[in-house]
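Below is one structure, written out as C-alpha coordinates; the observations come after it.
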Amino acid sequence: MRTTATIYMLTGISIGTIMVTSSNSWMLAWLGLELNSFAILPLISKTKHPRSIEAATKYFLTQSTASCLILFASTINAWQTGTWTITQMPDKLPSTLMLIALTMKMGAAPMHLWLPEVMQGTTLLTSLLISTWQKIAPMVLIFTTSNHLPSNITLMMGLLSTYLGGWGGMNQTHLRKMMAFSSIANMGWTLMTLTSEPKVSMINIMTYMLLTTPTFILLAQTSTKTLQDMTTMWTTSPTSSITLTFLLLSMAGLPPLTGFMPKLLILNELISQNMTAISIATTMASLLSLIFYLRISYLTSLLNTPSSSTSTTKWRQNMNNLKMTQMAPTAVMSTTALPTLYP
(Lines of atoms letter the chains of each structure in order from A and count residues from 1; the text may use other names and numbers.)
(Lines give C-alpha, C1' and ligand atoms only; values in the text may rest on other atoms or scores of the structure.)
Protein backbone atom coordinates (compact mmCIF):
# COMPACT_ATOMS: atom_id res chain seq x y z
CA MET A 1 0.00 0.00 0.00
CA ARG A 2 2.80 2.40 0.89
CA THR A 3 4.66 1.55 -2.33
CA THR A 4 1.54 2.21 -4.41
CA ALA A 5 1.03 5.60 -2.73
CA THR A 6 4.67 6.51 -3.39
CA ILE A 7 4.25 5.63 -7.07
CA TYR A 8 1.15 7.84 -7.24
CA MET A 9 3.05 10.74 -5.68
CA LEU A 10 6.04 10.34 -8.00
CA THR A 11 3.68 10.19 -10.97
CA GLY A 12 2.05 13.44 -9.85
CA ILE A 13 5.44 15.11 -9.50
CA SER A 14 6.44 13.97 -12.99
CA ILE A 15 3.17 15.10 -14.57
CA GLY A 16 3.46 18.51 -12.90
CA THR A 17 6.98 19.02 -14.23
CA ILE A 18 5.97 17.89 -17.73
CA MET A 19 3.02 20.32 -17.69
CA VAL A 20 5.33 23.22 -16.83
CA THR A 21 8.03 22.37 -19.36
CA SER A 22 5.53 21.90 -22.21
CA SER A 23 3.22 24.85 -21.49
CA ASN A 24 3.15 28.22 -23.23
CA SER A 25 0.62 29.82 -20.89
CA TRP A 26 1.15 31.09 -17.37
CA MET A 27 -2.08 29.50 -16.18
CA LEU A 28 -1.07 26.01 -17.29
CA ALA A 29 2.42 26.50 -15.88
CA TRP A 30 0.92 27.62 -12.56
CA LEU A 31 -1.27 24.52 -12.43
CA GLY A 32 1.77 22.33 -13.10
CA LEU A 33 3.72 24.00 -10.30
CA GLU A 34 0.82 23.50 -7.90
CA LEU A 35 0.54 19.81 -8.81
CA ASN A 36 4.28 19.47 -8.37
CA SER A 37 4.21 21.07 -4.92
CA PHE A 38 1.18 19.17 -3.56
CA ALA A 39 2.40 15.78 -4.83
CA ILE A 40 5.64 15.91 -2.85
CA LEU A 41 4.04 16.89 0.47
CA PRO A 42 3.12 13.28 1.44
CA LEU A 43 6.68 12.18 0.63
CA ILE A 44 8.11 14.84 2.95
CA SER A 45 5.79 13.92 5.84
CA LYS A 46 5.67 10.14 5.40
CA THR A 47 8.07 9.36 8.29
CA LYS A 48 5.35 10.39 10.82
CA HIS A 49 7.82 12.38 12.90
CA PRO A 50 7.09 15.87 14.26
CA ARG A 51 10.13 17.21 12.42
CA SER A 52 8.88 15.87 9.10
CA ILE A 53 5.42 17.36 9.69
CA GLU A 54 7.08 20.69 10.44
CA ALA A 55 9.15 20.39 7.25
CA ALA A 56 6.04 19.65 5.18
CA THR A 57 4.25 22.65 6.69
CA LYS A 58 7.17 24.99 5.95
CA TYR A 59 7.41 23.66 2.40
CA PHE A 60 3.68 24.14 1.84
CA LEU A 61 3.65 27.72 3.17
CA THR A 62 6.71 28.73 1.14
CA GLN A 63 5.51 27.18 -2.10
CA SER A 64 2.03 28.62 -1.63
CA THR A 65 3.47 32.12 -1.15
CA ALA A 66 5.60 31.72 -4.28
CA SER A 67 2.59 30.44 -6.25
CA CYS A 68 0.55 33.47 -5.19
CA LEU A 69 3.34 35.76 -6.41
CA ILE A 70 3.49 33.89 -9.73
CA LEU A 71 -0.26 34.22 -10.20
CA PHE A 72 -0.13 37.90 -9.21
CA ALA A 73 2.77 38.66 -11.60
CA SER A 74 1.19 36.76 -14.50
CA THR A 75 -2.14 38.55 -13.92
CA ILE A 76 -0.43 41.97 -14.03
CA ASN A 77 1.39 40.92 -17.19
CA ALA A 78 -1.85 39.71 -18.80
CA TRP A 79 -3.55 42.99 -17.87
CA GLN A 80 -0.72 45.00 -19.47
CA THR A 81 -0.07 42.89 -22.59
CA GLY A 82 -3.44 41.21 -23.12
CA THR A 83 -1.96 37.70 -23.24
CA TRP A 84 -0.97 34.88 -20.87
CA THR A 85 2.00 33.85 -23.03
CA ILE A 86 5.11 33.08 -20.97
CA THR A 87 7.60 34.61 -23.41
CA GLN A 88 5.89 38.01 -23.48
CA MET A 89 6.76 39.89 -20.28
CA PRO A 90 8.21 43.29 -21.27
CA ASP A 91 7.37 45.27 -18.13
CA LYS A 92 9.84 45.37 -15.22
CA LEU A 93 7.31 44.97 -12.40
CA PRO A 94 5.84 41.56 -13.37
CA SER A 95 9.27 40.26 -14.48
CA THR A 96 10.82 41.24 -11.13
CA LEU A 97 7.96 39.69 -9.17
CA MET A 98 8.24 36.53 -11.27
CA LEU A 99 12.00 36.33 -10.62
CA ILE A 100 11.43 36.63 -6.86
CA ALA A 101 8.69 33.99 -6.91
CA LEU A 102 10.64 31.45 -8.97
CA THR A 103 13.84 31.89 -6.95
CA MET A 104 11.76 31.39 -3.80
CA LYS A 105 10.54 28.08 -5.20
CA MET A 106 14.12 27.00 -5.94
CA GLY A 107 15.59 28.17 -2.65
CA ALA A 108 17.92 30.96 -3.79
CA ALA A 109 18.90 33.82 -1.48
CA PRO A 110 17.45 35.87 0.08
CA MET A 111 14.37 33.56 0.03
CA HIS A 112 16.39 30.50 1.04
CA LEU A 113 15.74 30.00 4.74
CA TRP A 114 13.10 27.30 4.21
CA LEU A 115 15.36 24.93 2.24
CA PRO A 116 17.80 23.77 4.99
CA GLU A 117 14.95 23.22 7.46
CA VAL A 118 12.84 21.24 4.99
CA MET A 119 15.73 19.04 3.83
CA GLN A 120 16.77 18.39 7.44
CA GLY A 121 13.25 17.28 8.37
CA THR A 122 12.80 14.67 5.65
CA THR A 123 14.62 11.59 4.36
CA LEU A 124 17.74 11.67 2.20
CA LEU A 125 15.98 10.45 -0.94
CA THR A 126 13.20 13.01 -0.56
CA SER A 127 15.89 15.66 -0.05
CA LEU A 128 17.35 14.47 -3.35
CA LEU A 129 14.01 15.14 -5.03
CA ILE A 130 13.76 18.61 -3.49
CA SER A 131 17.29 19.63 -4.49
CA THR A 132 17.15 18.24 -8.05
CA TRP A 133 13.80 17.36 -9.66
CA GLN A 134 11.77 20.09 -7.93
CA LYS A 135 14.09 22.72 -9.42
CA ILE A 136 13.45 21.70 -13.03
CA ALA A 137 10.03 23.34 -13.43
CA PRO A 138 10.92 26.81 -12.02
CA MET A 139 14.28 26.74 -13.81
CA VAL A 140 12.53 26.14 -17.15
CA LEU A 141 10.29 29.15 -16.52
CA ILE A 142 13.29 31.30 -15.57
CA PHE A 143 15.18 30.27 -18.70
CA THR A 144 12.12 30.99 -20.84
CA THR A 145 11.82 34.53 -19.46
CA SER A 146 15.57 35.18 -19.05
CA ASN A 147 15.66 37.93 -21.70
CA HIS A 148 13.05 39.95 -19.75
CA LEU A 149 14.53 39.54 -16.24
CA PRO A 150 16.28 42.53 -14.59
CA SER A 151 20.00 41.80 -14.88
CA ASN A 152 21.13 43.85 -11.86
CA ILE A 153 18.71 42.15 -9.47
CA THR A 154 19.60 38.72 -10.88
CA LEU A 155 23.33 39.35 -10.39
CA MET A 156 22.76 40.63 -6.85
CA MET A 157 20.69 37.57 -5.92
CA GLY A 158 23.29 35.26 -7.47
CA LEU A 159 26.20 36.83 -5.60
CA LEU A 160 24.21 36.83 -2.35
CA SER A 161 23.34 33.15 -2.81
CA THR A 162 26.97 32.13 -3.34
CA TYR A 163 28.09 33.90 -0.17
CA LEU A 164 25.18 32.85 2.07
CA GLY A 165 25.40 29.27 0.81
CA GLY A 166 29.10 29.15 1.65
CA TRP A 167 28.79 30.83 5.04
CA GLY A 168 25.78 28.76 6.06
CA GLY A 169 27.36 25.41 5.21
CA MET A 170 30.55 26.04 7.18
CA ASN A 171 28.84 25.79 10.57
CA GLN A 172 26.78 22.63 9.92
CA THR A 173 27.31 19.11 11.20
CA HIS A 174 24.25 17.54 9.54
CA LEU A 175 24.88 16.50 5.96
CA ARG A 176 21.37 17.29 4.72
CA LYS A 177 21.65 20.90 5.87
CA MET A 178 25.13 21.04 4.38
CA MET A 179 23.80 19.82 1.04
CA ALA A 180 20.99 22.37 1.26
CA PHE A 181 23.46 25.24 1.61
CA SER A 182 25.46 23.68 -1.22
CA SER A 183 22.30 23.87 -3.34
CA ILE A 184 21.85 27.54 -2.41
CA ALA A 185 25.43 28.34 -3.41
CA ASN A 186 25.04 26.50 -6.70
CA MET A 187 21.84 28.40 -7.45
CA GLY A 188 23.90 31.55 -7.04
CA TRP A 189 26.33 30.36 -9.71
CA THR A 190 23.37 29.59 -11.98
CA LEU A 191 21.90 33.07 -11.57
CA MET A 192 25.18 34.84 -12.36
CA THR A 193 24.94 34.29 -16.13
CA LEU A 194 21.19 33.84 -16.42
CA THR A 195 20.50 37.09 -18.27
CA SER A 196 23.69 37.21 -20.35
CA GLU A 197 24.19 33.55 -21.33
CA PRO A 198 21.32 31.26 -20.25
CA LYS A 199 22.89 28.20 -21.89
CA VAL A 200 25.82 28.35 -19.46
CA SER A 201 23.37 28.52 -16.56
CA MET A 202 21.58 25.47 -17.97
CA ILE A 203 24.89 23.57 -18.12
CA ASN A 204 25.61 24.53 -14.52
CA ILE A 205 22.27 23.38 -13.09
CA MET A 206 22.33 20.12 -15.07
CA THR A 207 25.88 19.41 -13.90
CA TYR A 208 24.82 20.07 -10.31
CA MET A 209 21.97 17.57 -10.62
CA LEU A 210 24.43 15.06 -12.08
CA LEU A 211 26.71 15.54 -9.07
CA THR A 212 24.00 15.59 -6.40
CA THR A 213 22.22 12.40 -7.45
CA PRO A 214 25.01 9.86 -6.69
CA THR A 215 26.00 11.82 -3.57
CA PHE A 216 22.56 11.51 -1.98
CA ILE A 217 22.23 7.87 -3.08
CA LEU A 218 25.56 7.04 -1.44
CA LEU A 219 24.58 8.81 1.78
CA ALA A 220 21.23 6.98 1.82
CA GLN A 221 22.81 3.59 1.14
CA THR A 222 25.33 4.01 3.96
CA SER A 223 22.83 5.63 6.36
CA THR A 224 25.19 8.58 6.76
CA LYS A 225 23.51 11.67 8.19
CA THR A 226 26.14 13.56 10.22
CA LEU A 227 29.84 14.36 10.07
CA GLN A 228 30.43 11.86 12.87
CA ASP A 229 29.04 9.11 10.66
CA MET A 230 31.53 10.07 7.96
CA THR A 231 34.49 9.16 10.18
CA THR A 232 33.53 5.47 10.21
CA MET A 233 32.69 5.12 6.52
CA TRP A 234 36.20 4.07 5.47
CA THR A 235 36.33 1.01 7.71
CA THR A 236 32.94 -0.24 6.54
CA SER A 237 32.97 0.62 2.84
CA PRO A 238 36.23 1.95 1.33
CA THR A 239 34.80 2.09 -2.20
CA SER A 240 31.89 4.26 -1.13
CA SER A 241 34.28 6.46 0.83
CA ILE A 242 36.54 7.07 -2.17
CA THR A 243 33.60 7.65 -4.52
CA LEU A 244 31.99 10.12 -2.13
CA THR A 245 35.27 12.00 -1.75
CA PHE A 246 35.60 12.47 -5.50
CA LEU A 247 31.95 13.54 -5.76
CA LEU A 248 32.39 16.17 -3.05
CA LEU A 249 35.57 17.52 -4.62
CA SER A 250 33.76 17.67 -7.96
CA MET A 251 30.92 19.64 -6.37
CA ALA A 252 33.53 22.01 -4.95
CA GLY A 253 34.69 22.72 -8.50
CA LEU A 254 38.24 21.42 -8.29
CA PRO A 255 39.92 20.58 -11.63
CA PRO A 256 40.08 18.22 -13.44
CA LEU A 257 36.73 16.95 -12.15
CA THR A 258 33.41 17.62 -13.86
CA GLY A 259 32.24 20.31 -11.44
CA PHE A 260 35.06 22.59 -12.54
CA MET A 261 33.69 22.91 -16.08
CA PRO A 262 30.50 24.99 -15.45
CA LYS A 263 32.28 27.29 -12.99
CA LEU A 264 34.99 27.95 -15.56
CA LEU A 265 32.36 28.74 -18.21
CA ILE A 266 30.53 31.11 -15.85
CA LEU A 267 33.70 32.98 -14.88
CA ASN A 268 34.69 33.21 -18.53
CA GLU A 269 31.29 34.68 -19.42
CA LEU A 270 31.45 37.22 -16.57
CA ILE A 271 34.90 38.39 -17.66
CA SER A 272 33.81 38.65 -21.30
CA GLN A 273 30.93 40.88 -20.13
CA ASN A 274 33.45 43.22 -18.40
CA MET A 275 32.35 42.06 -14.94
CA THR A 276 35.80 41.26 -13.63
CA ALA A 277 35.06 42.51 -10.10
CA ILE A 278 31.94 40.34 -9.87
CA SER A 279 33.84 37.31 -11.18
CA ILE A 280 36.54 37.83 -8.52
CA ALA A 281 33.88 38.14 -5.80
CA THR A 282 32.18 34.97 -7.03
CA THR A 283 35.50 33.10 -7.04
CA MET A 284 36.15 34.21 -3.45
CA ALA A 285 32.68 33.00 -2.49
CA SER A 286 33.45 29.56 -3.92
CA LEU A 287 36.30 29.27 -1.39
CA LEU A 288 33.71 29.34 1.40
CA SER A 289 31.97 26.31 -0.09
CA LEU A 290 35.32 24.64 -0.65
CA ILE A 291 35.99 24.76 3.09
CA PHE A 292 33.11 22.49 4.10
CA TYR A 293 33.57 20.24 1.06
CA LEU A 294 37.19 19.66 2.09
CA ARG A 295 36.02 19.20 5.66
CA ILE A 296 33.75 16.33 4.64
CA SER A 297 36.41 14.84 2.36
CA TYR A 298 38.95 14.94 5.18
CA LEU A 299 36.62 13.16 7.58
CA THR A 300 35.67 10.61 4.92
CA SER A 301 39.00 9.43 3.51
CA LEU A 302 41.93 11.17 5.21
CA LEU A 303 41.18 10.93 8.92
CA ASN A 304 41.55 7.15 9.33
CA THR A 305 44.11 4.85 7.81
CA PRO A 306 42.80 2.10 5.47
CA SER A 307 41.75 -0.92 7.50
CA SER A 308 39.30 -3.78 7.28
CA SER A 309 36.10 -3.92 9.25
CA THR A 310 36.15 -6.15 12.33
CA SER A 311 32.39 -6.52 12.51
CA THR A 312 29.62 -7.11 10.04
CA THR A 313 27.38 -4.20 9.15
CA LYS A 314 23.79 -4.73 8.11
CA TRP A 315 23.67 -2.14 5.33
CA ARG A 316 26.95 -3.42 3.93
CA GLN A 317 25.59 -6.92 3.53
CA ASN A 318 22.24 -5.87 1.98
CA MET A 319 22.93 -3.24 -0.66
CA ASN A 320 20.09 -2.22 -2.97
CA ASN A 321 21.30 -3.31 -6.40
CA LEU A 322 18.81 -1.11 -8.26
CA LYS A 323 19.97 2.06 -6.54
CA MET A 324 23.62 1.11 -6.98
CA THR A 325 23.14 0.55 -10.73
CA GLN A 326 21.47 3.97 -10.94
CA MET A 327 24.34 5.56 -9.04
CA ALA A 328 27.19 4.02 -11.04
CA PRO A 329 26.82 5.93 -14.36
CA THR A 330 26.11 9.26 -12.66
CA ALA A 331 29.09 8.81 -10.32
CA VAL A 332 31.39 8.15 -13.28
CA MET A 333 30.06 11.15 -15.21
CA SER A 334 30.38 13.33 -12.10
CA THR A 335 34.10 12.70 -11.81
CA THR A 336 35.44 11.98 -15.30
CA ALA A 337 33.25 13.90 -17.76
CA LEU A 338 35.37 17.07 -17.87
CA PRO A 339 37.65 16.02 -20.78
CA THR A 340 34.61 15.12 -22.90
CA LEU A 341 32.52 18.18 -22.04
CA TYR A 342 35.19 20.88 -22.14
CA PRO A 343 38.26 19.85 -24.15
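Glycine residues also receive a Cβ, built from the backbone N, Cα and C atoms like all the rest.
Feature annotation from TrEMBL assigns domain 'NADH:quinone oxidoreductase/Mrp antiporter transmembrane' to 23-289.
Marked as transmembrane segment by TrEMBL: 56-76 (among others).
Proximity of distant same-chain residues to the transmembrane segment (96-115), defined by a Cβ-Cβ separation under 8 Å and at least 6 residues beyond the stretch ends, is recorded for 33, 58-59, 61-63, 65-67, 69-70, 72-74, 76-77, 89, 130, 134-135, 137-139, 141-142, 145, 149-150, 153-154, 157-158, 160-161, 164-165, 180, 183-184, 187-188, 191. TrEMBL lists 96-115 (among others) with the feature transmembrane segment.
Residues of the same chain lying 6 or more positions beyond the ends of the transmembrane segment (149-166) and with a Cβ under 8 Å from any Cβ of it are 92, 95-96, 98-99, 103, 108-110, 112, 142, 181-192, 194-196, 275, 278, 281-282, 285-289, 291-292. The transmembrane segment feature in TrEMBL is assigned to 149-166 (among others).
Positions annotated as transmembrane segment by TrEMBL: 202-220 (among others).
According to TrEMBL, the transmembrane segment annotation covers 232-254 (among others).
Positions annotated as transmembrane segment by TrEMBL: 274-294 (among others).
Per TrEMBL, domain 'NADH dehydrogenase subunit 2 C-terminal' is recorded for 291-340.
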- Message: Taking contact to mean 3 or more CB pairs closer than 8 A (sequence separation of 6 or more), are the transmembrane segment (232-254) and the transmembrane segment (56-76) in contact?
- Response: no
Model confidence over the domain 'NADH dehydrogenase subunit 2 C-terminal' (291-340), as mean pLDDT, sits at 61
